[in-house]
Amino acid sequence: MKRLISCLTIICALNASAAAETTSSPCSRWISFLKPVCQRIHQTWTEGHDDMYFSGYAWHNRYTYRPEKIKSYNEAAWGGGLGKSLFDEKGNWHGLYAIAFLDSHRHIEPAVGYAYLKTASVNKDIKAGLGYSVLITSRVDYDNVPFPGALPWVALFYKRTTVAATYIPGSAGAGNVLYILGKISL
């Protein structure tokens, strides 16, 4: 519960900081080479659609874990969250999110982040995307200390619904998890 409150506090602080900036130059205090990052995040936050995230599956790579270890892991990564997202002028997707889900040990793991996907349209209603996510998360097995991460991200968009996945790399017995989540744009 403390992690969820911390996550929500971070989001509120970022929102308050964004609200304090003037609308004519929301990123005026940023270092010049980071201004495009700030401007895209600001655009996503102010112009993006509201999203509801839900998660449900975390597949542990059978080639890197012993069968008895896999049996002890939770692969039902139930959870959810909220976000904002938009398709930019080139048709690529940008998203901000805050989620919490059950990790491999059935502990709640919160995460806040930004994701970018280069997309290709299959037809009017279907798009596929490939990109990355940068995030901050915390885990019980790391003493709940927040730490940053960057992960690959793929998604299939159909109208207002999305199925996405990321692969958390690792070594033998750690990481190597395919995490699948969904999103509905409200």
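Glycine residues also receive a Cβ, built from the backbone N, Cα and C atoms like all the rest.
Per Swiss-Prot, these features apply:
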type	residues	note
ACT_SITE	His60	active site
ACT_SITE	Asp103	active site
ACT_SITE	Ser104	active site
SIGNAL	1-18	signal peptide
SITE	Lys69	site 'Role in lipopolysaccharide recognition'
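Around His60 (active site), the C-beta neighbours below 8 angstroms that are at least 6 residues distant in the chain are Ile70, Tyr73, Glu75, Ser104, Asn176, Val177. Across the fold, the C-alpha of Lys69 (site 'Role in lipopolysaccharide recognition') and the C-alpha of Asp103 (active site) stand 15 Å from each other.
Secondary structure at His60 (active site), as computed by DSSP, is strand. Taking the Cβ of Asp103 (active site) as reference, residues of its chain lying under 8 Å away and at least six apart in sequence are, in sequence order, Ala58, Asn74, Ala77, Glu109, Arg139, Val140.
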